[in-house]
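Notes follow the structure.
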Amino acid sequence: MLQCLSFASKLYSLWKLIDLKSAAGALVVYVNADFFVQFLVSGLEVSMATGRRLGSRGDAIVLLLLIVAAGSICTSATNFQPVSDSHRSAAVEIFTPVDGSFESIEETYEAVQTFKILGIEAKPDVRVTACTLVSEVLGASSSPLKELFYALKVSSLLKCDASQFEATASRLKSIPSNAKSLNDLYYSIAALVLIKNQSPEADVLLDDADGVFQAIKALSQSDGRWRYSSDNPASSTYAAGMALEALAGVISLATKDIGKSRINVVKSDILKLFDSIEKYDDGTFYFDDKSGTVSSLATTSSVVQGVTAFASAASGTLNLPEDKILGLTKYFLSIGIPGDAKEFFNQVNSLSCLENSRVSIPLILALPATVISLTKKDKLKVKVTTALSSRSPPLSVKVVSASISGSKDVSVIENQELVFDEEGALHVLDLPASIDVGKYIFVFEIVFHNSKDGKIYAPGGQTKVPVHVSGTIKIEKFEISVLDSDVGSIDTQKQLNFETENDVSLDANHLQKLRLSFQLSTPQGNAFKPHQAILKLKHEKAEHIFMIGNSGKHFQVILDFLGLVEKFFYLSGRYDIQLTVGDTVMENSFYQAIGHVELDLPEAPEKAPRPPLQSVDPFLRYGAKGEISHIFRSPEKRPPENLSLAFLVLTLLPFLGFLVGLLKLGLNLKNFPSASVPAMFAILFHVGIGAILSLYALFWLKMDLFTTLKTLSLLGAFAMFVGHRILSHVASSSSKLKSA
């Protein structure tokens with residue numbers, strides 16, 4: 001199901017980039033990525049004819065095709081691929097240290113563990129910085145339990161110095177007996193187990209292991225889930241995984257064996273937990289934490305780690321349904337390659353736990369390619385490995401049945417064993433000559449050569465995989481005609497060839513019909529119905545799409561223009577004719593411009609519908625515009641320079657008259673204040689008046705009005721203040737003089 005959602009998202013992204021309406025729905029229903037690549041390589045670039053966007057009607061058709069495309073792969077038959085080199089390349093990119101180290105001790109563990117599981121040799125060297133961080137965490141008395149746990153995890157992977165294990169063990173040993181929460185129990189017990197594995201001489205065994213076991217078990221619920229503490233009544237599936245792993249740790253740290261009855265009770269809880277497992281239609285199983293605070297991937301990973309840890313520590317066997325174990329494995333594989341570091345670690349680490357568990361090791365039956373070309377005489381190839389791509393034990397693969405998708409009664413292959421190719425570790429089958437193009441559901445079955453392997457590995461019974469058998473479709477009797485409407489006689493007929501360019505020119509009026517017909521047959525001569533057979537007539541103001549029906553091999557569409565005049569908006573003129581025929585198994589799918597028809601339609605009545613506005617290409621709307629060439633008008637003729645200078649002199653004459661008048665009036669500074677403070681205000685007042693005059697000059701030369709007004713408001717306030725002070729002084733002096 002996750003593959004379906006991912007595929008639908010990619011398909012929608014593709015639709016947003018190409019012009020499906022211009023291709024008349026030429027986006028063939030891709031069933032998987034393998035065929036999508038093959039489709040493009042085969043030269044079927046039918047969907048990329050233009051860069052135009054879709055109109056409302058085209059949107060509806062394309063969305064319908066997308067729904068059909070997504071629905072065609074979301075079936076119970078899915079081809080799950082094991083971990084490959086793509087995961088290894090992605091791991092190196094996702095887990096990239098900064099300045100030689102990761103952000104936290106937890107991220108360091110996840111990166112190192114992932115590199116170890118995937119066997120990556122070209123990995124960043126973080127041992128020195130990581131072991132230094134481990135030493136700091138173990139040496140600090142205030143380090144949280146979670147950091148101690150991850151520090152010991154890193155130490156076990158990188159073989160760091162074990163000199164601090166004794167002190168850490170003495171600090172941790174008393175915690176399980178007094179812990180009040182599942183988190184404290186989990187991290188302290190898991191840390192003690194890690195110390196035990198790295199330093200056997202350390203004193204880590206629990207004297208009261210039975211009491212600790214009971215304390216953890218007391219947090220369990222009747223449905224197999226666990227609580228985080230006795231004070232919190234809410235139960236969690238994620239917590240169940242932590243509790244099972246903690247119980248496994250208690251078993252390994254116990255000084256004496258835990259009672260078998262108590263072990264069996266926990267096994268019963270595990271079976272109850274698996275009763276609540278969720279399932280997708282493609283056979284994948286997963287656990288969901290009902291609280292909504294933890295993702296399904298993290299929850300499933302927690303349960304898998306807890307169950308596998310408990311199965312390894314407890315005595316006896318844990319009988320879990322084989323289909324659910326395999327379904328959990330397929331769930332992790334269906335995710336593909338996560339982009340988040342935490343999700344990537346959960347996926348890889350969980351697959352490693354399943355592959356190394358005592359429950360059963362799941363086997364993945366996968367097809368390297370689910371598209372088989374009859375033209376290239378491809379063979380059916382099957383590979384059986386573990387989830388991490390380790391080789392499987394000696395076995396045989398048999399095709400139980402192979403039937404056309406949607407038809408369970410007719411089987412073209414039955415009980416056919418594949419031949420094992422030792423060199424490529426592949427099981428190979430030559431397809432029978434009678435097989436034809438189409439979409440098939442192959443049902444495979446794994447048979448072990450050694451019956452004991454059946455108790456160790458989980459093949460999952462019969463496996464259904466969708467297979468597309470493609471080939472070249474024969475296209476015959478390809479012709480286009482103009483018919484007289486009254487008697488149906490042929491007025492004009494043109495033969496077409498899809499292998500070459502066609503450019504027919506037709507004329508028709510509203511009393512005639514247009515007929516397009518051709519025949520399609522498979523390599524075996526059977527009738528073939530493609531997913532898409534679409535005819536499009538394109539006018540400069542409107543586009544019209546018509547589905548082509550069929551009867552057996554014969555495909556035909558007849559357009560009666562008399563009944564279509566309203567749909568055509570009474571638009572006469574040239575209509576370009578385009579044909580699209582495509583299918584996932586049709587290697588010679590095509591999108592072709594056939595030619596055009598000059599259509600003569602009657603004049604539109606007053607209340608006739610108008611053609612819709614054509615969508616505007618955003619590249620044309622927001623793209624680079626054409627260069628604008630502009631010629632400025634010639635400047636107006638100016639007066640001679642001498643005349644301008646003479647006018648300047650005339651404007652200065654009033655100012656000269658002002659100066660002469662001041663001299664005649666006997667301008668003097670006798671009344672200028674002699675005291676220091678009034679003199680200062682007098683000087684500042686004259687400076688303010690001069691600044692205002694200078695501001696007027698600057699406004700005339702370069703300043704704008706708003707800047708001038710703001711500056712003038714400041715200078716005016718300043719001049720008014722100092723002017724008021726000096727005028728007050730002059731008035732006071734004049735009053736004293738009169739009194740005297």
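Glycine is no exception: its Cβ is also placed from the backbone N, Cα and C atoms.
Any TrEMBL annotation is an automated prediction that lacks curation.
As written in TrEMBL, here are the features:
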- 84-355: domain 'Ribophorin II N-terminal' (DOMAIN)
- 364-469: domain 'Ribophorin II second' (DOMAIN)
- 476-599: domain 'Ribophorin II third' (DOMAIN)
- 632-732: domain 'Ribophorin II C-terminal' (DOMAIN)
- 643-667: transmembrane segment (TRANSMEM)
- 679-699: transmembrane segment (TRANSMEM)
- 705-727: transmembrane segment (TRANSMEM)
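Per-residue confidence over the domain 'Ribophorin II C-terminal' (632-732) averages 87 (mean pLDDT, predicted model).
Counting residues 6+ beyond its ends, the transmembrane segment (679-699) has Cβ neighbours under 8 Å at 672-673, 705, 708, 711-712, 715-716, 718-719, 722-723, 725-726, 729 in the same chain.
Among the recorded stretches 364-469, 476-599, 632-732, the one sharing the largest number of Cβ pairs closer than 8 Å with the domain 'Ribophorin II N-terminal' (84-355) is 364-469. With DSSP states grouped into helix (H, G, I), strand (E, B) and coil, the domain 'Ribophorin II third' (476-599) comes out at 4 helix, 75 strand, 45 coil.
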